[in-house]
Every structure is written in C-alpha cells, then in structure tokens.
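So the structure is just underneath, and the comments pick up after that.
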Amino acid sequence: MRFGSIIAFVALCSFTAYYIYEPIPEDIEERWKLMLTNSFFRSLSHLADLSELLGLKDYMGVMYFITLAEKIVPMSDEHIKVTEEQFDGVDVVLYQPKKSDGDTKLRTAVIYLHGGGWCLGSSLMSPYDLLARKIVNELDAVVLSVEYRLAPAYHFPVPYEDVYRVVKHFLHKGVLAQYSVDPGRIAVSGDSAGGNLAAAVSQQLQKEPGQQVQLKAQALIYPVLQALDLNTPSYQQNQDMPILPRYLMVRFWSEYFTSDRAFFRAMMANTHNSPESSSLLKFVNWSTFLPARYHRKYNYSAPTVVQGEEALGRGGASRSLADPRASPLLVPDSALHSLPKAYILTCEYDVLRDDGIMYVTRLLSAGVEVTHEHYDTGFHGGLMFTVWPTDFLIGRRMTENYIKWLKENL
Ligand SMILES: *[C@@H]1O[C@H](CO)[C@@H](O)[C@H](O)[C@H]1NC(C)=O
Ligand SMILES: *[C@@H]1O[C@H](CO)[C@@H](O)[C@H](O)[C@H]1NC(C)=O
C-alpha cells in the first residue's frame, strides 16, 4: 500500500517535471512562476491535440478553455460606466468615464483589440477588462473593446472586417459626439493578433475614400505582422519559448486562413508561399530590415516557393497570404508614410519579435514617428499576466510604460 503510493508519487513528480521543465532563459524574471504557468498551457495544448486526434473536439475548441476560464461579466463601478452594445452589428464593450454634472469636456478614445491568435480571447477576459479600466482611469478616455468573431468558425477576412466595421461606425462625427469623444484624439491598439488587426485597420482607414476622421495613433503590443516567413531568427530562436511556441503561432496563422491541415503542415515547413506571395517576400526580408544585432547566428534564406498544382490547390489561402489586411508588412513604403504615429512593443523571447522590429524599421524609413520599446527579458503575452496567480512584474511594467505612452501621445 505504502509502496504503491510512493510509486504513484514518483510517477506524478516525473510527469509534472516533464511538463514544467522548459529551457527557459536564465535572465527571465520569476522563472519558476513562468515554468508553472507554461506547463498549464503546454498540457492543455497536448490535451487539445489528443482530443482532435480522437475526434472528440478540434484543437482550438479545447484551447478556447483558456478564454472561458477568464471570462467575466463586465460591471460598472464608481468611476466607469460599462455597457455591452452592437456597432454596425458587431458586439463591443464600451467603457466610459462617469461625468459630473455640467462636464462637457471632450475625451480621448482608445479602440482596443484583444489578442488570442484570431482564434481565442475575448474583450470579456479579466486581464482585458482590467486593462480597459486602467486606460479609462489614467487617461480619462473612452475605451471601445471589440468582440470580433473568431476563427476557425470565421476565417479571414471576417475577424478583420468586424473590427473595420466597428471602427468606421465609431469614427462618424455624430457617434463620437454622442460619447463626447474628441475626433482628433483617437487611437487604435491591440496585443498580438489584436496588434495585427490594429496595424491593418490603420493602413486601410487612410485609404478609405471620404473618411473624415482619422486615427491619431496606433499602439501595437508584440504584434503579428506577416505570414510569409515563419523562419525569421526570432521564430527559430524562440520556437520552444513559453506561452507562444512556434507550433501554436503557425497553428493560429493556418486556422485564420483555412481549416485545411495540409496548409498548416506547409506553414510548419515554411514552404507555404505560392507565386502570388513570392513577389512580396522582399517586404519581409529580415536580412534587410532587421538590425544586424538581431540576426544572431542565423543566415538568411528565402522561403521556398511552391509552383503549379500544389499552389493552385491552396487557392483561397494563397490569396489571403498575399493580403496586407492579414499581413500589414506587405505594402510598399508609399502606403506607410502617412500612417499615424506608432508605439511598438517587442519582446526578446518571442517568435514575433522580428515582425515588430521589421515594422519599426519600415515605418521609420517611410518617415513615420515611431516609439519602439524592446524588452530584453520579455516574453510573449506578458501584458496579459497581471491577474493573480499568474501576475508577473514584467506585465506590470509593460502596462505602465504602454499607458504612459498613450498619455503623452494621445
Ligand atoms: C534579401 O536581402 C538580401 C540582402 O539585403 C538580398 O541579398 C536578397 O536577395 C534578398 N532576398 C529577397 C527574397 O528579397
Ligand atoms: C552562416 O554562414 C556562415 C558563413 O557562411 C557559416 O560559417 C555559419 O555556419 C552559418 N550559420 C548557420 C547557422 O548556418
């Protein structure tokens, strides 16, 4: 009996150790806490793979548990009025500072787009709710958090189009007046896939014929910006990093475009480019746009381009791949120079580091005002980790610096 429990205990320990142990760099703060947090994500990902293999529930369906676990019902408080509404048919959560009588002051506004690889996440997750409230309180701003529809149920361009519809609706002068928002002081912002949507919306809005109100700023937190080269130095260096390993990011990309598993496998091998996207590879050439210190030990080799039948079979996904509304890096400089000023946050231990840095380089050379904040010991998703028990010091620092930039630039 005792012997049996010892065996069980040892088995449990080695099982736990297997899941917890990760080659996490020494310089990451609160390393043990990150290992534990990550072991939860890894176990869930393995469970999701198993569930899909057994035909029980698809991978993203299981991963969605992360979203459900943190969902809350947004409530008004002493200072903030919170309402759930629909803007042009799309769900949004609106946070407004409560006014005292006779207050007619116009306010700034932040349109916020949550992360989660276009497949997971919600405005109603407690870290996003908390962040929205912080922005309202510190900037006396209106925050509009968009509950766009998600892949794989809704592939690209649906999530993007939901966001674009909301932004266009909100930027009507009459609507802004209704919420006492100053039309000259509106920002769009988002983290990870939300940063992707924020960058894409900023680009499209400046091309919109007859658009009177434009954005003043875009704040992109470890954004995803291109799907053409999934072997940049940061993808290689950080392929097994906590929270967002390369496998998961590639999975998000492929699910955004298609549920075809062959496309996922091609993306994993970085052989997913077709003649349609090959002429755009120059816009994501890291040997040109990444400062030499980020090249590390890696040598540039252009992604393989597939021709003929195999490429044709991918039809829709190939077209999406070449679309700048999915990959904002894929536009010429002439489409960048009139963009609103930008804040770009990147993390060293993140597969998406080089996406962000390449956009910094490209925006700067197109003449856009850019603030680049790089966290040498940062990991992907840091800003989300502000709620006990998964609260990290770096998450708090990221939040403070990000809000400080918004305060000074909006
Ligand atoms: C990438 O850039 C390097 C040097 O800047 C150049 O030699 C190479 O031809 C470029 N490749 C592509 C596909 O643009
Ligand atoms: C990169 O190229 C250099 C010079 O050709 C070579 O010495 C080095 O081994 C290459 N690095 C990798 C990781 O392939």
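Each residue, glycine too, has its Cβ placed from N, Cα and C.
As given in TrEMBL:
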ACT_SITE  SER192  active site
ACT_SITE  ASP350  active site
ACT_SITE  HIS380  active site
DOMAIN    110-269  domain 'Alpha/beta hydrolase fold-3'
DOMAIN    319-381  domain 'Alpha/beta hydrolase fold-3'
Alpha-carbon spacing, ASP350 (active site) to HIS380 (active site), which is rounded to whole Å: 5
Tally of residues which DSSP labels helix, strand or coil - the domain 'Alpha/beta hydrolase fold-3' (319-381): 19 helix, 19 strand, 25 coil
Assigned conformation of SER192 (active site) - DSSP reduced to three states: coil
In the chain carrying HIS380 (active site), residues 6 or more apart in sequence that have Cβ under 8 angstroms from it: SER192, TYR222, MET241, PRO242, ILE243, LEU244, CYS347, TYR349, ASP350, VAL351, LEU352
Cβ atoms near ASP350 (active site) (within 10 Å, other residues, all chains): 28
